[in-house]
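> Input: one structure, supplied below.
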Amino acid sequence: MTASLTTKFLNNTYENPFMNASGVHCMTTQELDELANSKAGAFITKSATTLEREGNPKPRYISVPLGSINSMGLPNEGIDYYLSYVLNRQKEHPDAPAIFFSVAGMSIDENLNLLRKIQDSEFNGITELNLSCPNVPGKPQVAYDFDLTKETLDRVFAFFKKPLGIKLPPYFDFAHFDIMAKILNEFPLAYVNSINSIGNGLFIDVEKESVVVKPKNGFGGIGGEYVKPTALANVRAFYTRLRPEIKVIGTGGIKSGKDAFEHLLCGASMLQIGTELQKEGVKIFERIEKELKDIMEAKGYTSIDQFRGMLNSI
């Protein structure tokens, strides 16, 4: 039996559940075209701010043995650049599945203005609101402030009527899973994306007795294999706590078909790849699809729905 990776997500059908994580291989229109023409099932734009941002000083992204450390600071070309791209692509490829569009304002008001621009546009895809960037100096992660998260979503859904998901930071306590899930269940969210990088880690070059990234005295977001257990826990925690209408996108530590299978088993509907995409380029999607299919066929599964969320307890 041949395994199918076909994935239905918010009334869209994708050939497979794989996509890039926002921030990786999606800064320029060239990179976005490469994603669109790759074996990825879907793709998402770089998190956009109102105006172009250079981000933090370099070095700000370093590959390390089991993953990466980054303190990018949201470099991007500004919302108009990405909105123009996705609108043109919609016209040129009207039958293609929906594009994901990411925004990450520096304040609630900026986020509201960015979302108003999307609401008023002809964009017919899926919007992701990033409430979890850990790498902008002086700007705390909104999603660690539960009251501020609720206030933000109250104001957003007062006017935003298009499909909207939010990107969350990792949580580490059952009480926090419970509190955040209760808040999110009050809103018509399309999905949550768990997780963003684990914020404010430190990697050290022993030879130089130095940190390896320049911003924030070397503190940066950790990605890759280091974060997979935390990512899986967050995917599972929200999958079991959120209304079934709110889907979960799994992000964190996916570099093989086995990693993908684990995320899906925990309940993920789609899968985003960051660190390993940065290392391998878009060819990773073809490899990881084959690996996932091989696992499914060895287990006798013909579709992802046969095992999604079916994690056994002991």
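Each Cβ is built from the backbone N, Cα and C atoms, and glycine gets one as well.
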> Check Swiss-Prot for me: it has ASN70, SER71, MET72, GLY73, LEU74, ASN130, ASN196, SER197 binding substrate, so pick out which one of LYS46, LYS91, LYS150 it puts in that same site.
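Looking through LYS46, LYS91, LYS150, the residue Swiss-Prot assigns to the substrate site is LYS46.
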> Report the residues of the chain - excluding LYS46, ASN70, SER71, MET72, GLY73, LEU74, ASN130, ASN196, SER197 - with C-beta within 8 Å of the mean position of the site's C-beta atoms, for the recorded substrate site, in sequence order.
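Apart from LYS46, ASN70, SER71, MET72, GLY73, LEU74, ASN130, ASN196, SER197, the close residues are GLY23, SER47, GLY55, CYS133, PRO134, ASN135, VAL136, GLY221.
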> Which recorded positions (LYS46, ASN130, SER132, GLY274) fall within 10 Å of GLY73 (substrate binding site) by Cα distance?
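So far as Cα distances go, none of the recorded positions lies within 10 Å of GLY73 (substrate binding site).
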> Quick one: give me the count of other CB atoms within 10 A of the CB of SER132 (active site, nucleophile).
22
> Out of SER71, ASN130, SER197, which of these binding-site residues shows the lowest number of other CB atoms within 10 Å of its CB?
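Comparing Cβ neighbour counts within 10 Å for the binding-site residues SER71, ASN130, SER197 gives ASN130.
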> If you measure GLY252 (FMN binding site) to SER197 (substrate binding site) at Cα, how many Å is it?
7
> Taking only the residues the record lists as binding substrate, namely LYS46, ASN70, SER71, MET72, GLY73, LEU74, ASN130, ASN196, SER197, what is the largest Cα to Cα distance between any two of them, in Å to the nearest whole number?
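Roughly 16 Å, rounded to the nearest whole number.
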> For the C-alpha pair, I'd like the distance in angstrom between CYS133 (active site, nucleophile) and ILE195 (FMN binding site), rounded off.
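Between the alpha carbons of CYS133 (active site, nucleophile) and ILE195 (FMN binding site) there are 11 Å.
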